[in-house]
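Here is the structure we will look at, set down as structure tokens.
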């Protein structure tokens, strides 16, 4: 900590040339640092670090209806969870969900961004319309989807439209084969999150220098696909990485729409709904719940790391 | 952000576009836009339609675009329904939304400022300890957090709903990055006048950062208002339900009339529509700054 830096940043240490005062100046800084940062750090210790450590400890114990470890079981909870058909199938549910939602969100939000960015009149209007659902909650959207659009009876909008073509009612949320329940599950999330990713893409598009397009024009690139393929898409690389990673993490944490649309049933239950059921349901099995949560956390972190490796995380920052 | 958008429009050569469709697709683009607008607005229309319908209008065997008549009495009915603690749930949501947002911004901005501006030997270590919490996926910590909150005896209380959500490592990180870029000259002028860290922060830095605060406040409030998993975990007693938990509970319990439920939905999105109308610029700014909604 050089004295030039100190005089520039700390007015209180004007008398620091005298040895004793200098020491006091640093102590004063430390005190003020903790005044500013301390309350936050204490909260983080209590509500972030402590829970994670406690959960790690609990995952090695048997703990029914209690947050106090009762009987040490070693790795048994982890073994149980990794061989639990319900837990494994919840990971499978997530995987199918991600396979639907990640590419669809990517393509459709990019398409919306391109459409809105090209419009010359009322651009703000279009942007607002697509962004507005982002402000709605999953509960609200699930209620509309479940009670109004994909209601399994005739007054549901989807079945009304099918009825015009003479197609019978479909029980959207409870038909397992074919798995119609994916249609409401995927569309509800698309409606809620496309506008958010569209905004990220628009911000990315606006950072592309117009001179690049002019240069491509001069070089004889064909308007349309060629320009998109060789100028726009590569320039959106950083944004694309961010969109893919955020989207995948968000998909892993799916809870609200599954819980509200389908509930805790085994044919379409993502990991969080299952963990909620076992740890806060009737038995409150916190040992297995903690082990499952930690397994899930590790999977999410590994997938995120892997994905950022593949796409190059260094560029994702801006 | 909005201004930048205006200056950097489409490149000069007309029809030389960013989209794969190019010039040929102008008509197609307008059709696509129109279809998208209808699809995106449809759910809002359904909320309005059903909130102002009678129950028999909603469940009629043939679906109609408009209800037979507008049933404004639904709103009175909703709040008069003794089975539904809707007023209480709205109050809880408002308290959680406002106090949660104010608290989170206060704590995170102070932490961010301390990290960015106060020289301290261990500042880097503290910063890394904060950033490390971002690695832990938010939603998987609900079980351990529940354990801590229940040991504190805060289950089914507003404290339990609000306090654990105040310490957002991400917000502190964003504030630190923002304050690192805050012009030092402004602060130095106040320092020369003899203000300490506290005075500089409150009288110079905060007033000059209001757009940034507004952006994060809009996002945080919406996030708090819409939050579901944590209020569901904590709200084990109906007196501590937020509006989201109340709506979710009544859909499964079937104890509410469908038109009342849709009126509840309409009421619950009202604050968000207002924020959207008045703070949209900050909201979009916040989204692009943070890249994360939660």
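Note: Cβ is positioned from N, Cα and C throughout, glycine not excepted.
Caution: TrEMBL annotation is automatic and unverified by curators.
Residues annotated as domain 'ABC transmembrane type-1' in TrEMBL: B:90-280.
Note on the transmembrane segment (B:30-48): residues 262, 265-266, 269 of its chain, located 6 or more positions outside it, place their CB under 8 angstroms from a CB of the stretch. Annotation source TrEMBL lists transmembrane segment at B:30-48 (among others).
Within the chain carrying the transmembrane segment (B:94-115), a Cβ under 8 angstroms from the stretch's Cβ atoms is held by residues 123, 126-127, 130, 158, 161-163, 165-168, 171-179, 201, 205-206, 209, 213, 216-217, 220-221, 224-225, 227, 231, 242, 271, all 6 or more beyond its ends. Feature annotation from TrEMBL assigns transmembrane segment to B:94-115 (among others).
Residues or ranges marked as transmembrane segment in TrEMBL: B:127-149 (among others).
Outside the transmembrane segment (B:161-179) by six or more residues, the chain places 92, 95-96, 99-100, 103-105, 107-109, 111-113, 115-117, 127, 130-131, 133-134, 145, 148-149, 154, 205, 209, 212, 216, 220, 224, 227, 230-231, 234-235, 240, 242, 289-290, 292 with a CB less than 8 A from a CB of the stretch. The feature transmembrane segment is assigned by TrEMBL to B:161-179 (among others).
Among the features that TrEMBL reports, transmembrane segment is placed at B:200-222 (among others). Same-chain residues lying 6 or more positions outside the transmembrane segment (B:200-222) and placing a CB less than 8 Å from one of its CB atoms are 97-98, 100-101, 104-105, 109-110, 113, 168, 171, 174-175, 178-179, 182, 186-187, 189-191, 272, 275, 279, 282-283, 285-287, 289-290, 293.
Residues or ranges marked as transmembrane segment in TrEMBL: B:261-279 (among others).
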